[in-house]
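One structure is given here, and the rest of the page talks about it.
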């Protein structure tokens, strides 16, 4: 094979590594984040395995070597020398090439391998490197012998293109019969080269340093130079052949990194003295070795070398030049330390848990320190522990013999003896946290008594052995194992710990990502199996980003266990620069796949007399190795009894994805057979994220069947590539994801098709239709993203010789009918090409719409009850998905693990989100505790405070869904109408400063919510009727039945004595789209009152503090579709003022007008804002007034001054206290840094105990602890401080930010939101401090899609997700929620966000006017133009935005 493109030297070496068909490539670096010194290697050897220098890489490689596979290793001399013990154990019969970069110029590493029997080639220039690369691979494959190739990349160069044709050989790996002898394979090599020198020279320099060319250019006429090209085999006869007979002195030069302190002969010099007799016969008088460091004056070095060798007694330990500690090496060390510190920050997720649980009782025996790296290894820490143990044993021994009061000349003698006896009883026991505290209090008291009673020899003996109180203290002792700074070579430290049976704990952190699992055979997770076989060790496998609760349990159990404990902790990262979010995603994939199972093994319970099991499985999937262990120990049956679903999970985890794929295809074929069709086959495959492509494919297949074709329809994920050529007629339909990417269920197929060069599709007829949006990426340079998957697929199929039935079809969302415009032309051409265009076809049923689903649902019942009982799937049908929204439930799946489950042949990990209806945003401590409990037992362990001041419980499995809703209703909190095409939760201002006004608007919120609550009895019937086995309390059904308000329990009696459901306001099809009310109280607009369908601005009499009425705004709404100019956000328009006592009828009129005039055909045009614009504000107002029978009064004046929450304590006019706690993005959870969920639970318990206070939720996703009397403020403050809820010292930007849920649970999200925004703000806070903006409030919003849940279009600064890792940056929103923003920059990548925002903040800091807000500033200085009205949202966007 000839190189057609110009390659650099590292790329050429990588190209050689693939010379044999079966090959493996490994390369090592100092950190995960750093690139190989063989620059460009990864671009050629794309499947190369990356290993770290400090993790014994040769041990990993050694286990993967095979005589049938050509293996190449790229490393450096330091890593190689450290692995020399592995090199000696390498078998001879291996095709292995180890290419070594002498990056420290330390050529002494080469003679260090002199006793190996393997060829060693040395390259000091480009041509030699090319020649030796060729030779090394030919020798390795022909003789089955490992070969070492040393070169100096810095000297030769890594970036210069090689401008010559290289014939890369295709090598066959020899076998025992065909292999040649090593001597034959190496015989033709040029071992030595006389670079310069005539027959008359008297001295020759043998150079083993990087300076061949430099030294040869300054040699005196009587001196020659020989360079070494092949060091092993050492062929001294070839050396003598080129050595001029006139030479009497040999100066050997060896490149080293620093001067040696040893005077011993160097190994390289011994090569010459090994042939001493031949030297004597050639009249060689002197052989002297000189070590060469970093050299600049080459002539001076040569003169010094020659002068030294001509002395009668030359210096045999001469070192010339400078130690080779270059700036680059210093930079590498600095980078290494920096990388390790970044890893330590990631590992803090575990270390903080230890510190929180054990605080002053924690002892970490080895910790990272950049100054003293060596003592951080586990062996050192264990040695330190053993020393402490020996001292403790001596102390115990003395205490046991000192229990006689007469030994103490003190009145405290009896007390000392009693305490010593008690202290002794604590030794050798399992101590829980309380016992640990008691034991340490006892030890401290003993030491204090001994110090104050030093009148006896016994006391002096104690103080000699135990000079400090620490000697009496009981610690939870931990060793930390880290891939970055505390690597346990061969797990020797673990073996010592287990063998010792000492009471010590090991936290072993594994950083290997799931997708690298095949690269490393020596996995830490397997240490768990090894440790469990000891039967005397506690073992746990944990993952902080998978199950925080399980981690806490394991750490506590490990510390309590009296013996060795091994806690395997997962923290996967691909780079030291990875964020916690990236670690979280990797963790979820590994746990879900079963690669990293969560479990605990406690030998204390490995006893038939106990009713507990020694092994506890905390995740649902385990792999074969762990299963085999359990089978062998006969514990699997116990596990299965405890968790009946386990056996099914085990079977799933062991299944083969290909088998499942074939089963699915077989079913499709069987269905086709049952139809008894006689026409030609048509296989329809789709790739779809949002469902459009899938629905279109299913519709096409149905139409094909109606025309007599044998049609099947499957996801592209179900294609078996090898069977594709025989499928005759195939249609591919794909939507477009991200930046022109295939949807999730098409990626695997596309990668396989793209990389298969042998596939012949000449017998296949194909058609392709794509769904895209030509304006989604508006920039000219991004236009190629439009329908890129379908276009790429069509070209690839043609390249593989497939025959196109019809031209490629490209659907465009910008067309009048969306993708249907192009599809309606494309489909008839397909029928014509297949010869069925004239077939008689019955009228096709119209597609089922949401309006159909509502109409046929029997007042929101559908088949929800039946679906809940169906255990064959974790999800529900599409129709029930839509109906369950009316019940406050959204179907979700964990998108972080969607791909890994797909690869296993499993359906998405379906789960549900339950949203509470909470008018007024007010909740009791009983309700909070119930939600907290439900989130732990049925949800994902967190609570979400939403941007509409209510709760969401995420991660509820279908089997727990009814229990969750019943648990909420048991505390009089329902979910009816929390979503769906009805009025949803009514949000009101939190208003902690004014109790009287807040009570009025809270009452109004409840009145509106109750008035517009659906009157169907379906909710009660489906979720609440009768008792359930899962009920926590038998009284639940009676609570449901006796509740006076909430969901209706009985149907309405109509004529004919029939009991039916009636919806007097909504009717049987409810509203065209969702509908919301907000209530604001000037000067506070913390609910963004103009952003919603109906906004009520309370007009308060300043003297009486009575709400006299409301200004009514209609037509607000945030939802849009990217680049679809028919959709836009809109602020509400004022219809006028209405008195408080008259408010319900006009509100009902607004709902009725929307019900009757809203667009029920196009859901993207169905919100009230479009109805108002279509009818005109005045036209809409007239319709409402017609229904109401009255006129709106003129709008009353008001002024907003604030849009944010105010944090900390405040007292209202009644004397009650309120504390607003900062809950970032509304996610209430326990983390190592912020145990907020536990803290708020403690607050709720305190409220319940003292009968004081309640909670309020704010529209900015924060929490107000309300109505606390003065006597209980101190108690609440203590709890807040303990659980870090009292911290409000955040930047103004962070305090003013909010975010939607986004990935991974929201099905609409294109990009990260809640999990990413805190990281962005953290990156910005340094510059805020620098610019003097730390305390300035800037409204920042972030969403994963354009639907607007966090009201991003009102943000002064907003990021709206457009594709994975891609956002639109919006600027210019009004600080008071009074103005929409506008697009500033489209398609901003994750890593670009901060770079775009920083200059804006800097300019704002320098040029703003007094009191000017950021959004106003952006408009005043012309950074962005104002959005004057929603319908003009897409206008006046700068061309630079795209």
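For all residues, glycine too, the Cβ spot is worked out from N, Cα and C.
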Task: Among 37, 376, 903, residue with annotation phosphoserine (source: Swiss-Prot) - done: 903
TODO: In whole Å, note down how far the CA of residue 1306 ([4Fe-4S] cluster binding site) lies from the CA of residue 903 (phosphoserine).
DONE: 21
- [ ] Using Cβ-Cβ distances, find the residues under 8 Å from residue 1349 ([4Fe-4S] cluster binding site) that belong to the same chain and are at least 6 apart in sequence, listing them in sequence order.
- [x] 946, 947, 1118, 1300, 1301, 1343
Task: Near-site residues: [4Fe-4S] cluster, ref 1300, 1306, 1345, 1349, CB cutoff 8 A to centroid - done: 1301, 1302, 1308, 1309, 1313, 1343, 1344, 1347, 1348, 1350, 1361
TODO: Enumerate same-chain residues with a sequence separation of six or more from residue 1306 ([4Fe-4S] cluster binding site) and a Cβ-Cβ distance below 8 A; give 'none' if the list is empty.
DONE: 892, 1300, 1344, 1345
Open item on the list: A 10 Å Cβ contact count, applied to the binding-site residues 1300, 1345: which residue has the minimum?
Closed with: 1345
TODO: Helix, strand, coil: count each for the residues of the domain 'Flavodoxin-like' (682-831), based on DSSP.
DONE: 66 helix, 34 strand, 50 coil
Task: Cβ-Cβ neighbours of residue 903 (phosphoserine) (radius 10 Å) - done: 13
